[in-house]
């Protein structure tokens with residue numbers, strides 16, 4: 001089987017899987033039937049991997065930093081942000097997986113074929129910036145880990161971090177499954193520690209439940225911390241990554257196989273993100289309970305006033321005693337390194353998809369890491385640990401503002417008949433995802449405008465300086481709003497789903513009967529026909545270091 005790219009007169013691009021001869025067709029049909037005869041649990045295990053790889057990004061140092069500060073500053077008040085953020089993350093990650101399964105292409109590739117040249121370059125630059133912004137907390141978190149373990153300056157740790165991930169990627173050839181298992185276990189060591197501490201400090205269950213289900217934004221900086229939490233949870237580069245990772249799995253070509261693949265990826269993502277939700281809740285609750293404890297020492301109270309990754313090991317003292325700093329440092333190191341690997345692969349697929357350029361993983365990591373190290377190094381030298389900690393929050397907020405430029409294309413593509421055919425989103429998923437997505441985008445815009453205007457009013461600069469700053473910044477804000485509106489209202493012009501009455505399900509499926517997020521197809525989408533056109537298996541993306 002080969003993948004053939006077809007271009008029309010108007011630049012419309014589609015992907016069609018062509019069987020070169022009858023022998024290939026019979027072999028493909030036999031392979032699919034053999035796969036579909038396997039027990040459901042075996043077919044599920046064959047799809048396990050992408051969701052867990054993506055979920056590592058929800059346990060990275062950026063998440064830990066924002067969780068710790070949210071608990072220290074607002075106790076349990078912002079837990080609802082984590083709940084909504086991870087529910088929304090589950091939806092959009094599943095949509096990204098569905099997009100890859102149905103189209104045989106990942107999000108960056110579809111963006112390249114859909115948008116005009118200047119728009120796709122703009123989206124590519126923003127996607128690369130998102131990878132760099134996501135890499136900054138991982139660089140700083142790893143540097144903090146080196147500082148805790150070996151008592152070296154943070155800026156020296158930043159330099160060491162540049163080579164540590166390259167070493168980790170190089171070790172993959174000696175056993176990827178063992179390496180990923182080791183990293184995951186080290187990350188969950190810290191999770192176990194926070195759960196153990198949670199059982200000791202015993203936060204009031206009523207207050208925790210209230211924080212989870214009663215939205216509040218009271219207190220100084222609550223809006224900024226909430227946006228930072230969302231930025232750390234819902235990462236734009238994860239959408240590109242998940243839509244590519246699913247292409248490394250041999251999903252059967254039949255309608256049932258595609259529906260099963262979408263469902264299996266949803267189950268896996270749901271379980272992985274549920275674990276991530278529990279860990280994030282535990283971190284916030286421990287931080288909120290310990291920092292507001294009436295028996296807290298004066299020294300620890302001072303740390304809570306400006307809590308950061310490098311000063312948080314005292315939160316685990318009840319569980320680990322004097323060794324809390326060592327275990328915390330090792331787990332923080334593992335968290336930074338494991339999430340860096342996901343960022344490296346996301347950057348690789350973004351560059352391959354938008355520019356059709358493939359780079360060696362070590363070279364791609366070196367380039368991204370060098371760019372991410374520059375601001376981290378400068379801030380850590382000038383501002384020390386406190387400055388580096390603040391940079392993590394800034395990076396998370398940048399990710400939150402970048403979200404529309406990956407989210408809006410994903411929502412439009414996954415809801416489009418021209419992209420997904422009968423496998424497009426159901427009307428319920430369309431409404432819910434768009435409402436929640438536009439709400440998050442609106443909050444970001446409101447916070448951006450009000451924060452900037454407030455800074456102009458209270459910064460103490462001369463009036464002429466404020467005028468110059470406003471004249472320079474407001475056009476960028478206007479461009480941001482115009483870009484979001486453009487992506488939202490622009491009609492899709494490129495067809496990637498090829499309908500053929502003899503090969504595929506028809507496109508004229510009623511929207512009410514179209515796909516749900518869990519099965520990637522409606523009740524009438526190819527019912528009774530398990531021999532649809534084969535979806536392309538991407539051998540160029542099949543070298544993902546995940547357990548098969």
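A Cβ is built for glycine as well, from the same backbone N, Cα and C atoms used for every other residue.
Because TrEMBL annotations are produced automatically, they should be read as predictions rather than curated entries.
Annotation source TrEMBL lists transmembrane segment at 40-59, 79-101, 121-146, 152-169, 181-201, 221-243, 264-284, 325-346, 366-385, 391-413, 425-447, 467-489. For 511-548, the entry in TrEMBL reads region 'Disordered'.
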Whether the transmembrane segment (40-59) meets the transmembrane segment (425-447): three or more C-beta pairs under 8 angstroms: no
Tertiary contacts of the transmembrane segment (264-284) (same chain, 6+ residues out, Cβ under 8 Å): 43-44, 47-52, 54-55, 58-59, 63-64, 67-68, 70-71, 76, 78-79, 82-83, 86, 89-90, 93-94, 97-98, 101, 191, 194-195, 197-198, 208, 212, 233, 242, 246, 517-518
Interface present between the transmembrane segment (325-346) and the transmembrane segment (391-413) (three or more C-beta pairs under 8 A): no
Top partner of the transmembrane segment (79-101) among 121-146, 366-385, 425-447 - counted as Cβ pairs under 8 Å: 425-447
Leading contact stretch, 221-243, 325-346, 366-385, 425-447, 467-489 vs the transmembrane segment (121-146) - CB distance under 8 Å: 325-346
Folded-back contacts onto the transmembrane segment (467-489), same chain, C-beta under 8 angstroms, at least six residues removed: 119, 122, 401, 404-405, 408-409, 412, 441, 445, 448-449, 452, 456, 461
Intrachain neighbours beyond the transmembrane segment (221-243), with Cβ under 8 angstroms and 6 or more residues off its ends: 50-51, 53-54, 57-58, 60, 62-63, 65-67, 69-70, 73-74, 77-78, 81-82, 85-86, 88-89, 92-93, 96-97, 99-100, 106-108, 126-127, 130-131, 134, 137, 269, 280, 342-343, 345-347, 349-350, 353, 393, 395-403, 405-407, 410, 440, 443-444, 447, 451
